[in-house]
Ligand SMILES: Cc1cc2nc3c(=O)[nH]c(=O)nc-3n(C[C@H](O)[C@H](O)[C@H](O)COP(=O)(O)OP(=O)(O)OC[C@H]3O[C@@H](n4cnc5c(N)ncnc54)[C@H](O)[C@@H]3O)c2cc1C
């Protein structure tokens with residue numbers, strides 16, 4: 001049956017019969033959740049246009065907010081989790097790690113990584129409003145200009161080039177000038193966007209010293225990683241932390257009470273999309289809605305869309321939902337007893353993730369924040385004082401650290417840092433341009449293992465090196481056709497040998513930095529403990545490579561599993577983020593990145609959503 005007539009003819013009864021259990025469910029939510037979901041909005045699902053979006057995440061909140069600026073566009077957003085802004089661990093910049101093993105997070109583990117000692121890697125992904133922007137490290141570096149020019153080349157559409165995306169970076173951003181950072185050219189930063197960025201986070205003296213030590217080993221200072229001169233250099237990291245020292249997430253910025261008060265926007269939480277519903281119309285397959293449930297084994301609900309279903313479920317769940325719905329590699333779907341709607345070999349492929357190797361040092365100054373995980377009465381005292389400063393006096397302090405405080409973006413073929421006499425190998429250049437980096441070095445005010453599960457019993461400081469342009473890629477596959485069983489994740493870390501060799505270079509330069517003044521003055525290089533890295537510079541490259549394999553972890557940036565690229569090149573969506581071969585179905589999140597970016601992924605997620613919102617509004621209004 002044609003979609004238009006279904007909506008025109010029978011949508012009110014559909015609303016009552018199909019969604020009454022959800023309405024009942026919504027009425028039974030806790031007061032806080034009620035506020036988030038209903039907040040003056042009536043659960044109305046038809047109008048001039050109807051969209052259904054699954055998930056309310058980094059990209060999803062931005063898209064829903066922008067689309068619903070147009071009163072003619074009706075938006076229903078479905079999110080598997082609850083509110084992020086309601087959680088103190090999300091709002092407080094230093095506390096996001098405390099969410100990792102809670103019900104607000106999907107605690108994925110990768111398949112054993114054969115090139116990294118067969119270890120599995122923990123991949124926390126947010127299950128809450130705002131998605132991973134509600135629990136990320138708040139580092140606001142958006143990648144290098146060349147990354148987006150590569151995107152434009154891959155998808156053969158110049159609207160994705162750096163030059164043309166500038167207006168979207170400015171559109172989401174509201175830069176808060178900071179007296180300590182007068183060198184930033186504020187005229188280059190966005191002024192009126194919803195996402196507040198600036199330098200309001202707490203920074204340890206060691207992280208300031210890191211910047212000077214980097215300059216001393218030959219890495220130039222840059223005032224702004226997102227400035228007109230590109231991203232190479234060392235600096236303090238700009239953050240998604242506001243003037244009140246609170247996290248700025250996609251939820252807090254885009255879903256304000258005003259936005260939630262719009263009559264044409266409905267946000268439902270604890271609503272997990274289990275599959276997309278398709279219908280055949282005039283010989284074409286069309287997405288007409290989604291099926292969702294509040295829990296495994298619970299009642300299933302359906303919501304229909306008049307125009308588009310937009311998946312914003314992130315790099316793991318968007319391909320997962322597509323495959324569960326019959327859109328993916330045909331043989332793989334069949335082997336999981338899923339009827340094939342469309343053979344789409346690219347779905348779940350091209351999984352690309354940034355990996356990090358951590359170095360641990362004993363901190364001999366008073367600045368270490370290792371006491372945030374207390375080991376003594378003295379540590380507890382420090383926590384109490386910090387909590388008073390942050391929560392009672394409201395003036396920030398150590399609890400306002402985002403942990404990733406300073407960073408340097410470098411190239412592994414920089415001959416000043418890596419002279420050919422010591423590093424003779426010619427490694428494949430995977431950077432996006434000659435002035436784009438392939439390695440990031442960053443600091444944290446204490447050392448940790450296993451994503452913070454294991455801490456040291458002494459004051460520490462940590463340096464980290466991560467690979468920005470890995471050449472190893474992997475895949476996401478189904479484990480079964482059960483939507484509640486999480487898929488298999490295999491990023492194939494270090495499959496390409498050059499990835500490891502670049503990390504070895506990164507670790508080498510980190511060790512130089514650690515042994516250069518002024519940072520070296522903070523670290524106790526006389527310490528010989530084997531679980532610390534004060535003697536690591538004495539080891540061979542082969543030994544360092546083994547240490548990297550052992551310590552390798554995700555930096556939480558999986559991308560490109562529903563890649564925007566020509567279909568014959570493994571693309572899943574076109575340059576308007578439409579799934580090839582299916583009408584009314586789009587994807588809008590990090591899964592669509594044509595290739596990964598040389599930095600932190602949240603900014604590009606906002607850009608993708610801002611751009612799509614503009615294009616959808618224009619498209620609908622001209623229809
Ligand atoms: C610990 C951590 C630290 C990070 N640090 C930084 C950083 O410092 N700077 C930076 O720029 N980036 C950082 N990132 C990465 C960045 O936050 C993500 O790349 C970005 O937020 C991804 O956005 P997204 O829209 O693709 O998906 P997500 O933000 O992951 O959103 C997906 C959403 O979909 C929902 N969902 C999933 N499945 C379903 C379903 N079936 N039905 C309904 N809803 C569903 C989820 O609950 C979630 O809300 C970090 C990420 C993590 C996890």
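Using N, Cα and C of the backbone, Cβ positions are placed for all residues, glycine too.
Heads up, TrEMBL stuff is auto-annotated, nobody curated it.
For reference, TrEMBL has these:
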BINDING   58, 59, 273  FAD binding site
DOMAIN    314-328  domain 'Glucose-methanol-choline oxidoreductase N-terminal'
ACT_SITE  557  active site, proton donor
ACT_SITE  600  active site, proton acceptor
Helix, strand and coil totals (DSSP H, G, I; E, B; other) for the domain 'Glucose-methanol-choline oxidoreductase N-terminal' (314-328): 11 helix, 2 strand, 2 coil
Spatial neighbours of residue 557 (active site, proton donor) that are distant in sequence (at least 6 apart) but have CB under 8 A: 353, 354, 590, 596, 600, 601
Three-state secondary structure, residue 59 (FAD binding site) (per DSSP): helix
Average pLDDT across the domain 'Glucose-methanol-choline oxidoreductase N-terminal' (314-328), rounded to a whole number: 98
Neighbourhood of residue 59 (FAD binding site) by C-beta distance under 8 A, where only residues 6 or more apart in the same chain count: 131, 250, 312, 588, 589, 590, 605, 606, 608, 609
All-chain count of other Cβ atoms within 10 Å of residue 600 (active site, proton acceptor): 27
Conformational class of residue 557 (active site, proton donor) under the three-state DSSP mapping: coil
Other CB atoms within 10 A, centred on residue 273 (FAD binding site): 26
